[in-house]
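Copied over from TrEMBL, here are the features:
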- 38-60: transmembrane segment (TRANSMEM)
- 80-104: transmembrane segment (TRANSMEM)
- 116-138: transmembrane segment (TRANSMEM)
- CYS178-CYS196: disulfide bond (DISULFID)
- 259-280: transmembrane segment (TRANSMEM)
Amino acid sequence: MSNYRHHIGSGGYCGIEVRDMHPRISQNFTYVSSCVKYMIFMLNFIFWLFGGLLLAIGLYAFKDKWESTGSVRLESFYDVILNISLVLMIAGVVVFVVSFAGCLGALRENTCLLKFYSMCLLLFFLMEMAIAIMGFVFPQNMNSFLEETFTDKIIHSYRDDPDLQNFIDFAQQEFKCCGLSNAGYQDWSKNEYFNCSSPSVEKCGVPYSCCINATDISSGLVNIMCGYEVQAHSVAAASKRIWTSGCIEIVRVWAERNLYAIAGIALGIALIQLFVIYLAKTLEGQIDLQKSRWSA
């Protein structure tokens, strides 16, 4: 908008003075919101620290395992994903790198890093949604896949990996189950130490974590022999001493009973991820606007 005003000079010249009524943008003005910028930075700084912690724990566990066993078997894909220390290290590296890209991209206003960061978050979101859909829409298919894919590998590796052994014992005690598949406690016949043809003293047995009463109340000591010879018994007889159902089915039933809580947590995580992606894309747009202003 312009304002026109007639002006008569001292020499009798009559002219028109034009005044531009558009407000001029201050030289200090920036399109980049400090609130958005530092919110992304702080969120990713927290996850950067968390990623570093995961990596440190994984390295420590891997070092401890190497010193105790003298070797770490990495012959197949299953050896990697069933190695808890390696999984922690890989997860730590991924979280560390992605959150560092978010931190640095926001702080330095670097659109390349922010694009990498938002694309990684989108990829994680899509993977989580795919797993959630498979789990909620096709639970039986997911059950079958897990049983066929992991049962033999996990059972075989029980004594070979101390971390995996501790994890299986924890899961069996917490969920009151034994074995993984629908075969239940009979899954342990696939382990070379618990097989009935094994020369081991544990032959035809199961781990102590399958036992209903593994801990002696008076002494507080764990009876590691409580599961010996139970594979030779019928389900009815074995159920008096151990949990007989497989863990995968027990976990599925537990998930169905807590469906709304799990769905609520999953939805909350998904909304947070989408919000952070929105913030990153918003900051990208603001940086592009600021660059276009500088180049104008």
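One-based numbering along the chain as shown.
Using N, Cα and C of the backbone, Cβ positions are placed for all residues, glycine too.
For the transmembrane segment (259-280), the list of distant contacts is 36, 39-40, 43, 102, 105-106, 114, 117-118, 121-122, 124-125, 128-129, 132, 136: same-chain residues at least six beyond its ends, Cβ to Cβ under 8 Å. Using a 10 Å radius centred on the Cβ of CYS178 (disulfide bond) and all shown protein chains, the other Cβ atoms total 29. Counting only same-chain residues six or more apart in sequence, the Cβ atoms lying under 8 angstroms from the Cβ of CYS196 (disulfide bond) belong to SER189, LYS203, CYS204, GLN231, ALA232.
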